Every structure is written in structure tokens, then in C-alpha cells.
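Per TrEMBL, the features are:
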DOMAIN    2-216  domain 'Glutamine amidotransferase type-2'
ACT_SITE  Cys2  active site, nucleophile
DOMAIN    281-421  domain 'SIS'
DOMAIN    454-595  domain 'SIS'
ACT_SITE  Lys600  active site, for Fru-6P isomerization activity
Amino acid sequence: MCGIVAGVSQGNVVPFLLEGLKRLEYRGYDSCGVAVLQRGEARRVRTLSRVCSLEADALAADLDGVTGIAHTRWATHGTPVINNAHPIFSGEQIAVVHNGIIENHEQLREQLRLKGYEFQSQTDTEVIAHLIRDHYQGDILTAVRDAAGLLQGAYAIAVMCRDEPKRIVGARQGSPLVVGIGDDGAFLASDTTAIADCAERFVYLEDNDVVDIHGTDIAIQDREGRTVSRREVKSRGHAQDTGLGAYRHYMQKEIFEQPVAVARTLATMSGDESLQAAMPSPEELADVSNLVMLGCGTSYYAALTACSWFEHFANVTARAEIASEFRYRDYVSQGNTLVIAVSQSGETADTLAALRYVQSMGEARTLAICNVAASAMVRQSRWAFITEAGVEVGVASTKAFTTQLVALFALAIAIGRQRGSVSQSEAATWMRQLAALPDAMRNVLAREPEIMAWAEALHQTEHALFLGRGAHFPIALEGALKLKEISYIHAEGYPAGELKHGPLALVTESMPVIVTAPNDALLQKLKSNMEEVRSRGGRLFVLADSDTGLMAGPGMRVIHMPAWRGPLSPVLHAVALQLLAYHVACLRGTDIDKPRNLAKSVTVE
Ligand code: F6R
């Protein structure tokens, strides 16, 4: 998704802006640009290529100034062409970068046209730029505040004015924006990562805040112009290892980082009954009898997997909801409910909106399970559990998913303990099982050569079916999602028992069927489902726990996983399916870390 970096620095700001954009590249973009105030002019370069090309262009254009704004754009309004790339100018005077969507842009565009403004782009951002110019009477802060009052939708903006050097004004509503202060200057970004190296102190803006960076002075106001104070937080060691090392892709690196990420996440859980400082106390969990989990994409599948854990261990009713649908439904509270927002980024617009929606319906017990401590969802929730996956650069979620699963599993045990459905010794056993997970994951990763052989056999297919049952059905869904998003093969996940109710009609030799087969209570049923495929000429690719007794044969390949890990076995099968998707995509030569049309953090609806 789009990314913003802006700042007023002691020297030339351009290197800081470009470094920030490089750090935002992982979010996905189709154009980028940078503008500075230089010798009384606003100057910009923009490109449809990568940030490294922008860097070369900026050098060639001799771009140099202490005040600047920069952007990576992921097209929403208007195709990815140069005129639509940010920074967007209004005349020579106002320059704007913008994340989000302005819902009333058509109406505003019409009003501005009648006033004589001419539009050079198809973007909603140009409406903002002209609107600010229209309100400008010598003070850019007032102009931004007045213009922001007319905007509907979600946005974060950074604005500079040719006539006011050393000044950047930012505003946000619904999209994240953070101010960073350091020895090199004051900066503004949509993501802390972008400015982690040039700032030590951070201030996270709230909705309706307008920030004025004027030289080294920083002031925050609300829309009415009243000064507001926001808590300042010190850097939390953001400069994590984001290099590629010996790996070909970030996705591959992040798949292989999972044992460490899971171990780190487990290490933050002190003892077997409490999880982290910002978690509900055992007493606060004791009367929880309903769980509603909210998420999108892979995070939704983590929630769906966890439903069976919550039902089994904690004896509570648990439902996972797709946040983008849930937010528009009529919510009926069951009472004694804990709402859990599951998200890697903590910024996904739909999950955040769904969380706010349940809060508005009276649910006060909210918990965010997030990988980003300073994210909007963490701030919006009463409690938070921070997964320690580390920065996830690849667009496809991998280590974020498995650390979410681990956090949800531990929470199910903790609630079960409080409700008396899990004894102390059972809880201790399960925590030991969790502690053994990193080694078991390494064991799965060691099967990479066998998985690569499957990838060879699968990479030319255009369709694939993923089957699972019980807690492995969401893993089948996740396997299909991973495959489709990075290899562009059409893939569907199905509960194996549903095969006869429709999808069996699709099964032919050209429809490979990938099965996740744990040695659980549903194994015999699953075997029957596999026979249904085999007897129709289907090709089976089975990930089977080593104690299932499943063997390769005509029409059926088998990779033996470690022995069944009980309810934790979905975590291991997920790792194998990630590797499969990765190697298929490698053979198809796709842009694995930045799949077409996708973005890392989906901050618009
Ligand atoms: C798929 C993937 C997405 C995200 C989804 C939610 O690999 O990464 O489906 O899981 O966009 O994002 P977060 O977890 O940041 O809320």
C-alpha cells in the first residue's frame, strides 16, 4: 500500500526520504516520487519504476533541500501513470503526498473546477492539493486544517508550501501517521520503519490530529485548532535485521525464520498462566464464555484455526469473522465476550473498523494480537499481545501467521486454566509442547527437497484444490491462499467432507489435489475422501503425519511430516504449504515478495 515519508532536516533531506521509501518498498507500490523546496521552488521527480531508479533520477536532477515529502503509490484512483504519481502539486505552490481514499472527491472536484482549478491527474489527492491552495492565506497549517474539515474518507497526508520553507504539515484520519524526532531533524511517516534510523523519539498521531513541523518545533492540534498533547515513545530497537542474507527472497527467509520467531514469541510468555504485561489478568479472563475473533486473509485463517482450540481447551464458544464483512453486519452480543483482533500489521483498515464497530456496540473487552507494537489496533484495544515475528517484508504472511497461531494456542490454554477446563499439569504439558514446536518446525523445513520435487510436478498447473478437515481445514485455505497470491495459480481450499457436495466435479488429472492429513480422529474419514479423488483419476499430493500409515502409490504422492503433534499439528502443516507455494512461484518466475496488485498492509477499505 502507499507509503509516506516527509521531513525537515538539518541538511539535505533527500537521502533520508529515499532511505525511508526503500524501507516502505515491501508494502507494494506501482510508482514513487519525491519533492523538495529548493531555491524558492517546489521541485519533484517521479517514476513508475523502483525507488533505486528514483534515487538515480533525483541525483541527476540535483534535488537538494532541507524540506521534502516523498511517497510510494499503490493505485486506487487512477492508473499507475506518471501524472498520478505523488507528490501531487497544486500550481507551483502546494505539494501533497497522500495515503487513503477521499470518498467525496468527485463532489469536491466539481466545486474546484467551477472555481477554475485544472486537474492534471485522475487522483483524489489532487483534490486535496487544490483544496488546500484554495484555503491558503499565508499559513499552511490553517489551510490544511480547513481543507481537512471538508474531506470524507480515510487519509494521511503530508503537505509543504513553496512559500513556507522548513515547514511540513501532516493530518490523519483513519490512516496511520507517525512523527519521528532525532538529531537529523523532524520527520513524518506512515510507518515507523521508514524513519527508524533517523529518529529516536516517536509520536503516533490520532484521528483528526494535524501536526505542524516547523524547523525543529513540533505542535499538534485538533481540527478546531486546539493544542493536543500526544505521548512520546522512545525507539524500541526498530532497526531489526531486514537484509536478505543468503536467501533468494524475503518470503523464503521469513519461512526459515519461523522457528526463531516462534521461540521469541514463546519467550515473552512468562510462566504458563500469564502471557504478557498488557494482557488481561487471569481474573479478567475467568468469566469469558464467548470469543469473537476478527481478521482478514491469513490472519483470519489463524483465527479460524484457533476456534477449535478455544472450544476444546477453554470450553467457550468461538467464532472467527472476516472483518470486511463483519463490520457491516448486525452484531448480536452473547455477553461475557472477549473480542480478539488478529493482525500482522495492526493497521488493516477492515479489521480496525470491525474492532471499532464491536466497541461501539458495547464490547469493552478487546485484545489485539499484533506483530507491530505501535500499531493502531494495539492502541485501539484494551489489551494487546505482541507477537515477536520481527519485521515481515514479504507481502505473503508466513512467520506472522505461525506466531499468531502460537499466541492463540497459548491464550486458549490460559483461558482454559481460568475456567477450570485445563488442569495445571495439562497446561504445563501443553506449554512444553509449544516449547518443542521450533524444533519440529525445523524438521519440516528439512523436507524442502521433497517439497521442491512436488513444486516441479505442480508448477504448470493452472488450478489446484486443497483439502483438510477440522483444524486443518483453515490450513488448507491458507495453503490455497499462499499458492494463489504468489504463483497466480487458481487454488481453492475445501473441507474434505464437502467434496461430494460439488467440487468433486472438478477433479480430473489436470486438477491436483493437495491434502493436509494429520493423524487425528478424522483420519479414516479423510482417507475415504482421498479415495473419492483417486478413483476419479485425480492426482493426490498428501502431507501426512509420519504415524498415519499413509504411503505413496499410483496417483498419490506422500511427504511424511513429523509424527502427529495433536492440536499443534496445523502449525507444522502450514509451514510445509508455505514452502510449497514458494517453490512453485520460484519455478513460475513471479515477483514473489511483491506479488502483482497486492500490498503488505491494506490500510484502505
Ligand atoms: C496473505 C496476507 C494477507 C494478510 C491480510 C491481513 O499472505 O498476508 O491476507 O494476512 O491482508 O493483514 P494483517 O495481518 O496485517 O491484518
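Glycine residues also receive a Cβ, built from the backbone N, Cα and C atoms like all the rest.
Automatic, uncurated: that is what TrEMBL annotation is.
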Lys600 (active site, for Fru-6P isomerization activity) - helix vs strand vs coil (DSSP): coil
Tally of DSSP helical, extended and coil residues in the domain 'SIS' (454-595): 71 helix, 30 strand, 41 coil
Helix, strand and coil residues within the domain 'SIS' (281-421) as assigned by DSSP: 65 helix, 28 strand, 48 coil
Mean of pLDDT values spanning the domain 'SIS' (281-421): 94
DSSP-derived structure type at Cys2 (active site, nucleophile), helix or strand or else coil: coil
